[in-house]
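Q: Supplied in structure tokens, the structure appears directly below.
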Amino acid sequence: MTSRRSHGDVTPFLTQADNTEEEGVRDPESQSSDEEEEEGKDHGKETHLLTGISYKRSVIIVIILFYINLLNYMDRFTVAGVLPDIKKAFNISDSNSGLVQTVFICSYMFLAPVFGYLGDRYNRKLIMCVGISFWSLVTLLSSFVSNQYFWLFLITRGLVGVGEASYSTIAPTIIADLFLADQRTRMLSFFYFATPVGCGLGYIVGSEMTSAAGDWHWALRVTPGLGLLAVLLLIFVAEEPPRGALERKTDRPLTNTSWSSDMKALLKNPSFILSTFGFTTVAFVTGALALWGPTYLMRSRMVIYKSKPCEGGICNYDDSMIFGGITCITGILGVLTGVEISKRYRKTNPRADPLVCAVGMISSAPFLFLSLAFADTSLVATYVFIFIGETLLSLNWALVADILLYVVIPTRRSTAEALQIVVSHLLGDAGSPYLIGVISDQIQKGKPASFLIQMRSLEYALMICAFVGVIGGGFFLTTALFIEKDRKKAELFSQGLLPADETDAERIVVPKRGRSTKVPVSSVLI
């Protein structure tokens, strides 16, 4: 059994920090990783001393959270998978088609801070149960909206954001309270596999259900029943760990600060802010591609093969199926590759996470551009370039989440998740699908209607994504300048060596000549 330090003794931490810099011993992250893995072996079937949850149960909880995340993305991208049928049923333009996704993202975005505040202070399992139940009910109701009431369909899709906001702000913080260091990164990478897999399954399930039932409404009736199962798993299987117990080496509850103090601290955290803006560009690109990718490929096929997409009342979803499969594979491959590269690179460079994210974003831009440029001549080449571009985009999913968790203290993590969601969606995928649709409509205006014009207009609009990707790479490169200092500062907070109140955040109390003395944080961090 791994021994624990006394709660009141902080000297070993300072000694460990000094040794890390001056004597060349292994850094705290490596030691905590080794310690945690040893505990996992010793206590796989026993209750952890600090969390009160066994390692086996912790893994099961992560699997449940993965399942719910999978459902969330399945539901979100089922709509994208059957968008041509929805557009035809409601007789709407490209801009209004983009509005379907934008309304959902806006609701999700504005409710995230509410659930972030609640998630830092109240029972997280209960909050998720209520949110997922509401999401499942509203999703089911949206499938019964008549074709004459597009505005009502928009409202129901907007309300779906309530459930997703309740879940996405909380789930990563639960994983952070169950695991540390490399184990946390591995669990986060598994959790974020649900993003690409859910997206891909959304396209596939949506198109297959529509083809089988002959009605796109049935595509929206798959996830509600699965959502009910998720609620039951949360109630009867999942447990809630104490916040920050593993990092503080004590199960004593943390003291919450005011919401205004939390926000001030987060806004003064450059690594958090810059990585959030970097992730915003990821959201912009993926949001635009997720909604418009299958539609653009369908239009390209119409131009190349002179085919008609929607004969007999049902649209051809071969491209949705292929795009969904590519999204699944590239997402898994990208997340695994990003985590593995970062894990190896960390051994020589503590700035590995933001640097890997930056390389992924910048490298994806030319491949996304080429995928659009070749779409009217070779769909095979287009799919190859999409595969490479989406793989590079997916390098950062788990890494951005990990950055947030290790530069933000435990009592502010749900709030930080919420703030990141607001910014990334407000400036990212809340507007990008609608913006792409508006630009496409404007390019088509005044021109004779044809499949070629429809394809070209969407092609030129989607080219914005390549340039946004390069901007995102710049944000992640800048994050690398601050990541070490912000990480060490968060570690001091979690160990109780730095006050949570930001009024004293720049100074730390240490023994000096027999009495306590405040010294600058930088003197400890160096």
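A Cβ is built for glycine as well, from the same backbone N, Cα and C atoms used for every other residue.
For reference, Swiss-Prot lists these features for the protein:
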- 1-44: region 'Disordered' (REGION)
- 59-79: transmembrane segment (TRANSMEM)
- 98-118: transmembrane segment (TRANSMEM)
- 126-146: transmembrane segment (TRANSMEM)
- 159-179: transmembrane segment (TRANSMEM)
- 187-207: transmembrane segment (TRANSMEM)
- 218-238: transmembrane segment (TRANSMEM)
- 272-292: transmembrane segment (TRANSMEM)
- 321-341: transmembrane segment (TRANSMEM)
- 355-375: transmembrane segment (TRANSMEM)
- 384-404: transmembrane segment (TRANSMEM)
- 419-439: transmembrane segment (TRANSMEM)
- 463-483: transmembrane segment (TRANSMEM)
Q: How about long-range neighbours of the transmembrane segment (126-146): same chain, 6 or more residues beyond its ends, C-beta under 8 Å?
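A: Contacts of the transmembrane segment (126-146) (Cβ under 8 Å, skipping residues fewer than 6 from its ends): 68, 72, 75, 115, 118-119, 152-153, 156-157, 159-160, 162-167, 170-171, 217-221, 223-225, 227-228, 230-231, 234-235.
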Q: Do the transmembrane segment (218-238) and the transmembrane segment (384-404) come together with 3 or more C-beta pairs under 8 Å, pairs six or more apart in sequence?
A: no
Q: Same chain, outside the transmembrane segment (419-439) by at least 6, Cβ under 8 Å from its Cβ: which residues?
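A: Tertiary neighbours of the transmembrane segment (419-439) are 93-99, 101-102, 105-106, 108-110, 112-113, 116, 165, 168-169, 263, 266, 272, 276-277, 279-288, 290-292, 404, 457-458, 460-462, 464-465.
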Q: Are the transmembrane segment (321-341) and the transmembrane segment (98-118) close enough that 3 or more Cβ pairs fall under 8 Å, when only pairs 6 or more apart in sequence count?
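A: Result for the transmembrane segment (98-118) with the transmembrane segment (321-341) is no.
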Q: So which of 59-79, 187-207, 272-292, 321-341, 463-483 has the most C-beta pairs under 8 Å when paired with the transmembrane segment (159-179)?
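A: Out of the listed stretches, 59-79 contacts the transmembrane segment (159-179) most.
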Q: In the same chain, who gets a Cβ under 8 Å from the transmembrane segment (272-292) while lying at least 6 residues past its ends?
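A: For the transmembrane segment (272-292), the far contacts come to 77, 80, 83, 97-98, 101, 105, 199, 266, 327, 354, 357-358, 361, 364, 368, 390, 393, 396, 400, 403-404, 407-408, 416, 419-420, 423-425, 427-433, 435-437, 458, 461-462, 464-465, 468-469, 471-473, 475-476, 478-479, 482, 486.
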